[in-house]
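The structure under discussion appears below in the form of structure tokens.
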Amino acid sequence: MEKNLSSRDDDALHSLSAPSSSYNSIYDLLHYHERGNGLTINGKPSYSIEDAGDQITRDNVSWNGANVFGKSANLTFKFLQSARSTPDGDTGFVKFNAAQISQAKLALQSWADVANVTFTEVTGNQSANVTFGNYTRDSSGRLDYGTQAYAYLPGSGSASGTTWYNYNVDNIRSPDTMEYGRQTLTHEIGHALGLNHPGDYNAGEGNPSYSDVTYAEDTRQFSIMSYWSEKNTGGDFKGHYAAGPMLDDIAAIQRLYGANMTTRTGDSVYGFNSNTDRDFYTATSSSKALIFSAWDAGGNDTFDFSGYSNNQRINLNDGSLSDVGGLKGNVSIAEGVTIENAIGGSGNDLLIGNNADNTLRGGAGDDVLFGGSGADRLYGGSGRDTFVYTAASDSKVAAPDWLLDFQTGADKIDLSALNTGNNLHFVNQFSGSGGEIMLNWDASANTSNLYLNLDNNTSPEFLVKIVGQVSQTADFVV
């Protein structure tokens with residue numbers, strides 16, 4: 001049975017006599033932070049995305065009550081105008097300023113995008129599910145410079161759903177210009193909706209550290225509810241912070257309220273030229289640090305990272321991590337989401353497709369493109385690019401890939417992963433012996449047709465169509 005590398009099946013990757021460097025780079029990205037399945041990372045058990053979502057919602061409470069899962073909720077929120085003290089006894093109340101109000105609404109929106117929750121603002125004496133307020137002094141009346149914020153899970157008590165922020169902290173006062181302030185808002189709202197920290201720790205209880213985590217993926221690379229740096233799991237955000245729910249948070253909130261299947265059902269673009277109307281999905285310059293997990297309910301969608309000059313690694317498989325814009329492991333795709341297309345920048349990029357019909361554009365630089373299964377349209381762009389194939393199912397005769405800007409003498413078609421027995425060879429016609437490559441040139445259509453017969457018959461299982469004439473001697477890695 002043929003194996004498709006895009007399915008991340010180990011069996012597809014064995015027994016290569018001399019895999020190429022391009023193949024190895026694909027292998028490395030497809031296996032980038034594998035998780036769950038009994039793995040141990042950093043001396044801790046590794047959790048799958050689903051198991052992490054369960055852990056983050058382990059109290060099993062939402063605004064629908066205890067042990068109610070996947071049920072939508074229409075919630076209210078309110079910016080408090082006064083309060084004698086917080087439920088913890090902190091005093092010195094300050095109402096939210098304009099920047100806090102604006103950023104809190106964006107944070108609420110980011111949760112509503114991924115789950116079946118709606119938020120309606122109320123004022124005056126009306127009660128609300130989620131409330132916002134600042135404090136400046138601790139319960140002893142001293143100015144508080146030691147805390148950041150805290151919140152309470154859903155419930156029927158007076159404290160339930162309240163969120164509180166230390167106004168003495170710069171990023172709390174200015175979440176519009178300081179990323180950690182925005183992340184704090186999203187984090188505390190997560191608590192107010194029913195999400196826990198991934199582990200049993202709190203900032204006010206002792207001196208917790210990453211060594212106290214329950215599972216390895218308890219970092220900000222996977223959850224905005226975590227306290228711990230993404231560097232613990234191999235990521236590097238270079239001092240930047242996420243603004244919206246991350247990969248495991250999406251699984252967690254959807255466990256409680258269900259998935260929002262009305263979000264971005266059209267053709268959405270993430271990154272440069274974004275039409276998402278979400279700041280954390282949008283880049284307008286190369287200085288913008290993108291940190292996000294994509295949730296998208298439909299359409300023909302694109303990751304556009306064309307404005308970066310860094311070497312990038314872009315993986316369109318759901319649940320995967322990508323290195324974008326000079327950061328590491330900073331972009332992910334939520335489980336069940338299909339992003340069809342990717343655009344690289346001017347660096348030497350690696351682009352990996354999924355099982356959909358992908359369009360991959362490498363842009364400038366020496367890029368490596370792997371479409372996986374599906375009828376893909378591949379553009380290397382300028383530079384010396386490599387198009388990698390690992391199985392006959394990567395480009396079927398009935399639905400072939402197209403290489404649309406192949407530069408003979410510069411670009412390469414890498415078939416080394418198919419040459420497991422060192423028996424691939426070019427022929428003028430198929431003999432039925434297997435391991436045969438046939439390259440036909442259609443001058444009238446300006447198209448080269450690359451056929452492979454890997455079985456012991458005379459019918460090809462594999463076809464790639466290439467615009468332009470390809471050289472048998474110069475353009476292949478076998």
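Yeah, the Cβs are placed from backbone N, Cα and C, and that goes for glycine too.
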Item to check | Matching residue for the Zn(2+) site, where Swiss-Prot names His187, His191 - out of Tyr135, Tyr145, Tyr227, Tyr257 | outcome: Tyr227
Item to check | Additional site residue, Asp357, Asp401, Asp411, Asp414 [criterion: listed by Swiss-Prot with Gly381, Gly383, Asp385 for Ca(2+) 7] | outcome: Asp411
Checklist entry - Other than its close neighbours in sequence, what residues sit by the repeat 'Hemolysin-type calcium-binding 1' (343-360), given a CB gap under 8 Å and a spacing of at least six beyond its ends? => result 4, 6-7, 25-26, 29-30, 271-272, 302-318, 366-379, 381, 383, 399
Checklist entry - Roughly how many angstrom lie between the C-alpha atoms of Gly363 (Ca(2+) 5 binding site) and Gly383 (Ca(2+) 7 binding site)? => result 8
Checklist entry - How far is it from Asp367 (Ca(2+) 3 binding site) to Asp385 (Ca(2+) 5 binding site), counting Cα to Cα, in Å? => result 5
Checklist entry - Between 0 and 100, where does the mean pLDDT of the repeat 'Hemolysin-type calcium-binding 2' (361-378) sit? => result 98
Checklist entry - Given the binding-site residues His187, Gly347, Gly372, Gly380, which one's Cα is the least distant from that of Gly298 (Ca(2+) 1 binding site)? => result Gly372
